[in-house]
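Student: Questions regarding the structure given below will be posed in turn.
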Amino acid sequence: MEQYRGTTILSVRRGAEVALGGDGQVTLGNIVIKSTARKIRRLYQEKVLAGFAGGTADAFTLFERFEAKLDKHSGHLLRSAVELAKDWRTDRMLRRLEAMLAVADREHSLIITGNGDVLEPELGIAAIGSGGAFAQSAARALLENTDLAPLEIVKKSLTIAGDICIYSNQNHVIEVLGDRGQDSGVRE
């Protein structure tokens, strides 16, 4: 049985500000099932941003598990991610899940892989999903060559990825944790 999949999730960090966004397309094989899915969530008292790529049902299971870890560890992102990864490696059900998470708080950006690995990406850019490499390339160029804020970099990079990747679209949801306490969300 085919799974729902295909997406672009991107997180960009500059200074004390981080933006995490994703497109809204869900595909089943080569058919677009939904174009306005929300793959980005705020967790733990709105202090943690999380986005998923991969099987939709699998990703929601991981969201629930990750949120439980955040609650258990008082919102400590690194510890919660490592504890989820430990569970992922030892729990038979979790090992079969086909999804990845990109998560961020005001201090760290992480990728939690389908193998149960926790990676802190270089340059403050985390990208997952079928359009992730396209978005990451665009974000890196913009981060290194402009003074754009993370929100603008994520917007432009997701647009570029959506133009290239057939499993991504131009319906974006972007959440921001800001250094001035201006946390916000954007839906385009």
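Every residue, even glycine, has its Cβ placed from backbone N, Cα and C.
Positions annotated as active site by Swiss-Prot, on the basis of sequence analysis: Thr7. Under the heading Na(+) binding site, Swiss-Prot lists Gly162, Cys165, Ser168.
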Student: Could you check which of the binding-site residues (Gly162, Cys165, Ser168) sits closest to Thr7 (active site), going Cα to Cα?
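Tutor: Comparing Cα positions, the candidate nearest Thr7 (active site) turns out to be Ser168.
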Student: In the three-state scheme derived from DSSP, which category covers Thr7 (active site)?
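Tutor: Note: Thr7 (active site) is coil by DSSP, not helix or strand.
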Student: Give the three-state DSSP assignment (helix, strand or coil) for Gly162 (Na(+) binding site).
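Tutor: Gly162 (Na(+) binding site) sits in a helix per DSSP.
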Student: Counting every protein chain present, what is the number of Cβ atoms, excluding its own, within 10 Å of the Cβ of Thr7 (active site)?
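Tutor: Excluding its own Cβ, the number within 10 Å is 30.
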Student: So around the Na(+) site, Gly162, Cys165, Ser168 aside, which residues have their CB within 8 A of the centroid of those CB atoms?
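Tutor: After dropping the recorded site residues, what remains is Thr8, Asp23, Gln25, Ser130, Gly131, Phe134, Ala135, Leu158, Ala161, Asp163, Ile164, Ile166, Tyr167, Asn169, Gln170.
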Student: Cβ neighbours within 10 Å, counted over all protein chains: which one of the binding-site residues Gly162, Cys165, Ser168 has the most?
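Tutor: Answer by Cβ density within 10 Å: Ser168.
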Student: Going by DSSP, is Ser168 (Na(+) binding site) sitting in a helix, a strand, or coil?
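Tutor: Assignment for Ser168 (Na(+) binding site) reads coil.
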